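Taken verbatim from TrEMBL:
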type	residues	note
DOMAIN	187-347	domain 'Glycosyltransferase RgtA/B/C/D-like'
TRANSMEM	16-35	transmembrane segment
TRANSMEM	41-65	transmembrane segment
TRANSMEM	77-99	transmembrane segment
TRANSMEM	143-162	transmembrane segment
TRANSMEM	208-226	transmembrane segment
TRANSMEM	238-257	transmembrane segment
TRANSMEM	286-318	transmembrane segment
TRANSMEM	330-349	transmembrane segment
TRANSMEM	375-397	transmembrane segment
TRANSMEM	418-440	transmembrane segment
TRANSMEM	452-469	transmembrane segment
TRANSMEM	481-500	transmembrane segment
């Protein structure tokens with residue numbers, strides 16, 4: 001036994017490789033067996049990997065291959081289990097992308113994912129166990145390595161799942177923006193549409209292409225926050241800032257789902273960085289970068305104007321910064337921002353200031369709603385409870401934080417205090433505005449997302465082990481809790497994305513949740529529309545009977561169905577799918593794309609998730625004839641995911657008639 005224990009590092013590594021080969025073989029064999037017995041891809045791949053990983057774990061914990069021999073058994077087992085789950089969810093994304101997106105045969109996809117998962121699993125064992133104790137990795141670099149690996153994992157997790165889950169209905173709606181490309185839209189500026197248009201022009205109408213812009217915007221955001229943290233502190237803390245950017249719920253989601261929040265967050269980070277260069281380093285040229293950042297941000301989402309206002313107020317409050325008002329650079333920055341913003345102004349001018357009115361008077365005229373508790377809940381969801389406590393710790397523990405900041409720079413004390421106040425102010429000012437609005441109007445989840453960027457460097461400072469003065473109890477507790485929190489976040493993301501893509505054994509889907517199962521539903525609806533058009537000899541306008549969810553989902557997934565089947569058709573679903581605004585409701589941009597007067601006399605296929613919605617007077621008053629109501633049940637991964645109903649109506653008229661249809665129009669049928 002002593003001779004075995006005295007094996008060299010090379011022998012231990014060779015044994016690790018041998019165990020990896022055995023684990024790969026067992027994984028593949030179990031998967032082949034289970035996939036032949038059951039239809040669930042998720043069950044087969046999850047069971048095969050966990051059994052194989054347990055086998056490899058047991059072999060690795062014997063003799064010289066036991067890297068954690070001095071660790072108690074329970075923590076040792078928990079460590080292995082967490083690593084196995086992380087790799088399992090990552091491999092699930094790879095498998096889903098290969099099978100569902102790239103249409104790779106299941107056998108080939110399993111071999112690729114099994115090789116990747118075994119390599120990653122035992123690679124982590126090497127990095128966290130063998131390398132430190134053999135001198136290949138310096139002890140002081142261990143934490144840096146952990147944060148970099150966690151960051152890389154979060155990036156790969158997003159990449160592997162990027163095209164696997166169906167779109168959120170908001171993403172499908174913004175995809176429809178890109179189909180109706182313009183320099184402005186009612187509810188948001190133009191940036192999200194142009195980014196999506198660029199991606200789908202290269203990669204086609206796929207979920208991956210729609211979301212790729214968000215994925216790339218995250219790198220822009222992370223770059224500027226990394227640079228800001230590096231200049232404030234050092235590279236080690238900058239790595240921690242990257243980890244926070246990669247794993248905090250707000251920025252993980254903004255880097256995955258495509259929405260105006262993705263580009264505006266990138267522009268927000270850019271603006272914060274350049275404003276720091278102006279205040280902290282007095283760089284004149286940074287005003288040009290700030291002007292570009294604010295301008296691009298304004299054509300992404302109007303909320304970045306709050307950051308601009310916060311910056312102006314900071315210049316007024318901070319005595320040493322007032323000198324900039326007498327210099328030309330700030331005014332040049334304003335001109336640059338306005339020039340970049342001008343397309344949106346032009347669109348609003350041509351459309352009777354519709355977007356500006358919608359976002360200002362329209363919001364203020366909405367009904368009263370005290371939503372402060374919801375606002376607080378949204379912040380907790382986006383930042384995690386530890387993130388929220390860290391914000392309080394940063395604000396309340398001023399002296400120890402300033403002392404720690406001073407230990408990383410040679411800057412004068414006043415400059416350090418100014419930097420601290422700058423980061424706090426750029427965060428709390430916009431957050432306080434949103435909090436105030438929530439006292440009177442409904443709060444939305446994504447409101448404060450970009451606002452927390454300026455605090456990320458200080459959050460990263462909490463993760464460092466170095467402390468010049470004794471930290472407060474809150475600071476010390478936050479420091480200990482951050483790493484477990486980030487790991488739990490990764491496990492939650494992995495499980496959620498796996499559920500949305502491949503499913504989880506024994507876990508079903510809520511009824512009509514977003515667009516789950518719509519790849520199949522869109523194809524079925526497209527077949528139905530084609531069949532009905534052939535039968536009646538007229539084009540059919542499909543109408544989603546809600547504000548924009550059903551219409552957007554059907555437009556995208558009907559289009560995807562046509563492209564994936566390579567069938568020749570005159571259909572252009574994005575221009576043949578309208579919303580409920582045709583029946584005295586609200587449709588946002590659909591009201592511009594499908595004016596009521598232009599739909600007169602058309603035959604329509606109404607689609608709703610509520611049968612009774614197709615029987616209402618405001619529907620029957622606007623058509624000459626109405627057919628039976630049919631039901632279509634949709635599913636995903638063998639689990640039911642929704643019930644939808646459709647009805648063919650003819651002779652649409654934009655104004656209601658005095659005598660609505662009755663009688664046979666209410667008859668039902670189920671498919």
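A Cβ is built for glycine as well, from the same backbone N, Cα and C atoms used for every other residue.
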Interface check, the transmembrane segment (143-162) with the transmembrane segment (481-500), three or more C-beta pairs under 8 A: yes
Other parts of the chain folded back onto the transmembrane segment (330-349), taken as Cβ under 8 Å at six or more residues beyond its ends: 182-185, 189-190, 287-288, 290-292, 294-296, 298-299, 308, 315, 324, 355-356
Folded-back contacts onto the transmembrane segment (41-65), same chain, C-beta under 8 angstroms, at least six residues removed: 1, 4-7, 11-12, 15-16, 19-20, 22-24, 26-31, 34-35, 76, 80, 84, 87-88, 91-92, 95, 99, 106, 110, 113-114, 117-118, 121-122, 125, 498, 502-505, 637
Two-stretch contact, the transmembrane segment (77-99) and the transmembrane segment (375-397), at least three Cβ pairs under 8 Å: no
Overall pLDDT for the domain 'Glycosyltransferase RgtA/B/C/D-like' (187-347), taken as the rounded mean: 97
Residue numbers, six or more beyond the limits of the transmembrane segment (481-500), whose CB comes under 8 Å of its CB atoms: 42, 82, 85-86, 88-90, 92-93, 96, 146, 150, 153-154, 157, 161, 164-166, 243-244, 247-249, 252, 384, 386-387, 389-390, 459, 462-463, 507, 516
